[in-house]
Amino acid sequence: MAGLTIHSEKLTPALAKELSALCPFGALEETAEGLAVGAGCKMCRLCVKKSSGVITEEETPKPQINKEEWVGVAVFADFAHGRLHPVTLELLGKAQELAAVTGHPVYALLLGSDTQKAVAELLRYGADRVYVYDHPALAEFTIEPYADAFADFIENVKPSSILVGATNLGRSLAPRVAARFGTGLTADCTVLEMEQNTDLVQIRPAFGGNIMARIITPNHRPQFCTVRYKIFSHPQPMERPRGTVQPMTLPQPKKPYGIRVDKVERLPKEMDISDADTIVAVGRGVRTQADLELARQLAEALNAQLACTRPLVENGWLDAKHQIGLSGRTVKPKLLIALGISGAVQFTAGMRGADCIIAVNSDEGAPIFGAAHYGLVGDLYEMVPALLKMTKEDAAHVS
């Protein structure tokens, strides 16, 4: 990482004023001691080019880390209301694949209260060791004790990599803990690979889905990443778990926690499109909000969930909970029918795990057909009524 050095012995008052005015970000500040580089510096290096050696660019030494001290692939167990989120089990499966490359163990970190059943499940799905912080203060998620326990685990165990589910809990907790250790975190990874030197290759779409970025954290440990539900496959449970359990002690806080949970009210759980077996998804091929009724009728006939692309959410036609894609949900239904969807990477990245994809689009060159198993080229306003008619006829025949 580079920084700027100002050689004050070469600096004149006139040059200081000139360079201060030159900086497009206002980051060169005139002080009583001379010229100083402020926090607004973007390292554009314009001052380096124009200062004739008064300001130079200096490379700061990269931090040195002994990677052999950091061992294991850890999975944060997303545990709430007495249940493990299924993304935890998916991450355990992936952790076993990654750990096999280096011969490292697979750890699970479990925070909560009354955790016995969850411990058994983590062992059954391949954890070599489960580190358990079971404490009343962890019964409900609050960021302070959870972050303290997570940090204590890292300090004592020193895992090389940590996989966290991209749930509301995980997205809140992982960045805070990563920041405590001054290490990197890659969000919403779609592919994970392990190098022999224990560097975790974290791959995710970037720049609006136009490229796939390969991200590594070579000079810091632990390596953090978050992964959405249903990105990876659900592993098979082990008949004879071989793992062990390590009880841990929640560290005493340095000062009283600022959040106290007095009462928890459970909201009725709605069907999440991530859990749906059948989905009817609509895109910009739908001309008006009123025309969504056509898709709703097809969804009802197929006992399916209605989903959409981001533009329909931005238009206010459907709630964000219906959105599939990089900024929405990831789904793995048995059947997905895509109506009037072009097939941009932002959308297809969230539905590639579907067992069967049927696309309906009037443009035979639409990218969605490259991701679909079956394609129908035509106007959805003609195709959907025909599909509805066939569905009703089949239902009548069965009855």
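Glycine too: its Cβ is placed from the backbone N, Cα and C atoms.
Unlike curated records, TrEMBL annotations are generated automatically.
Feature annotations, courtesy of TrEMBL:
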DOMAIN    73-263  domain 'Electron transfer flavoprotein alpha/beta-subunit N-terminal'
REGION    236-255  region 'Disordered'
BINDING   R284, T309, R310, Q323, I324, G325, L326, S327, N361  FAD binding site
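Counting same-chain residues at least six beyond the ends of the region 'Disordered' (236-255), those with a Cβ under 8 angstroms from any Cβ of the stretch are 119-120, 122-135, 137-138, 144-145, 148-149, 152-153, 156. In the three-state DSSP reading, I324 (FAD binding site) counts as strand. Around L326 (FAD binding site), the same-chain residues six or more apart in sequence whose CB sits under 8 Å from its CB are D188, P205, G209, V345, Q346, A349, G350, listed in sequence order. Look at the region 'Disordered' (236-255): DSSP puts its residues at 0 helix, 4 strand, 16 coil. A simple Cβ count within 10 Å picks out one of the binding-site residues R284, R310 as the most packed, and that one is R310. DSSP classifies N361 (FAD binding site) as strand under the three-state reduction.
Taken residue by residue with DSSP, R310 (FAD binding site) is part of a helix. Counting only residues at least six positions away in the same chain, the Cβ atoms of I273, I279, A281, A307, C308, T309, T330, V331, F347, G350, M351 sit under 8 Å from the Cβ of I324 (FAD binding site).
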